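Beneath this line is the structure, given in structure tokens, with notes to follow.
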Amino acid sequence: MAGLLQALVVASEKAAQIARLCRREEPLFQLLVAEKTGTDRNRRFLQDFKTLADVLIQEVIKHDLGKEFPELQGHIHGEESNEFRNGQGETVEVRVCATPGDTAALLRSVLEPEREAAELLAAAVHQDVVLEDTELAGVVLSIPPKDLAIWIDPIDSTNEYIGGREDVAPIDGIAPAGLCSALVLIGAYDRRVGCPVLGVINEPFFRRDPQTRRWQGRYHWGIAYGDTRLCSLSPPPPRPAPCVVLSRAEAAAVRAALGPLCGDHLRFAAGAGYKMLCVILGLADSYVLSEGSTFAWDACAPHAILRALGGGVVALAGALRARRAGGTGDPPELLYNLPAEGAVGAERWANRGGLVAYAHPQHLEAVLAAL
């Protein structure tokens, strides 16, 4: 398990470097931020570059983890399809090839005539990432990778990543929007029972270096397996009255129900992963979402870290039904191994009925009572 944890962190660091590269290097940046709509959107290839950046990061993570842990191959899942149609109408399967030259050639077949962009990306894909993290290196835990599967969200909060706003002032540490909410999420879950056991969250755009003005990132990890709880963070202290973070699109009835509980501690932010990170960091006590608009890849990694800290992520609709029926047991936590019955496509992995992410059980109870 320690080896797998380190591999997930390394994969998240490479992903973060690619995400930063796309915003730093002019040939990539111009493709990333170009507004492509209607017929212009299809001028070079039928899916735009922001989707290619997502897919490439996802495929890099799949490749690197599958190469190091062959028993995970076929069990590493992501948000994106890796098939593109280029300007000639040909279907191209984006993947990591044996050499940088081969990968560059494949990317050129999608990006033509953007040769420099393809070569920059290929070099980043094949780079070696070395961690200097003594705490991570000291983690010792045994669990067979053959028992696990992986969910990847290569760039959570893609719209904020594309917009790239850096001028959004945080409120009590929580940014309502902006580049800081774009995250790399990698979570591992038990194939048999579906519970999350390991999570890595990488913040590629945590801060700018004051001298170089280049972005620097940071990462967080957590393990919740059996009786073992290990985390790169300490559990956040609870507030007397919970601070709850919501989406701007959250229903008015939910806002009205939570307002009296939170007082002036109702906050809003972009990105499901970022809102759960706010709970992990103690900037908020709970994240509430009443709609089924998040997916397994959004929640798996943060959920594992929250479990490591003594919290969790429950299925909101199921938890409310249990309360109304007089249930006294623990509310149902999200699981990651079973697709939704009757759904197709991405909806098979939607967290139907919403969710509540929490750091402290008493705040979960208070939120469910208010709702």
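A Cβ is built for glycine as well, from the same backbone N, Cα and C atoms used for every other residue.
Annotated in TrEMBL:
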{"type": "BINDING", "residues": "Glu79, Asp153, Ile155, Asp156, Asp298", "note": "Mg(2+) binding site"}
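Take the binding-site residues Glu79, Asp156: by the count of other Cβ atoms within 10 Å of each Cβ, the lowest one is Glu79. Taking the centre of the Cβ atoms of Glu79, Asp153, Ile155, Asp156, Asp298 as the Mg(2+) site, the nearby residues of that chain (Cβ within 8 Å, site residues left out) are Asp54, Ile152, Pro154, Ser157, Thr158, Leu183, Leu185, Gly273, Trp297. The most densely surrounded of the binding-site residues Asp153, Asp298 is Asp153 (count of other Cβ atoms within 10 A of its Cβ).
The Cβ of Ile155 (Mg(2+) binding site) lies under 8 Å from the Cβ of Ala19, Ala53, Asp54, Ile57, Tyr161, Ala182, Leu183, Val184, each on the same chain and at least six residues away in sequence.
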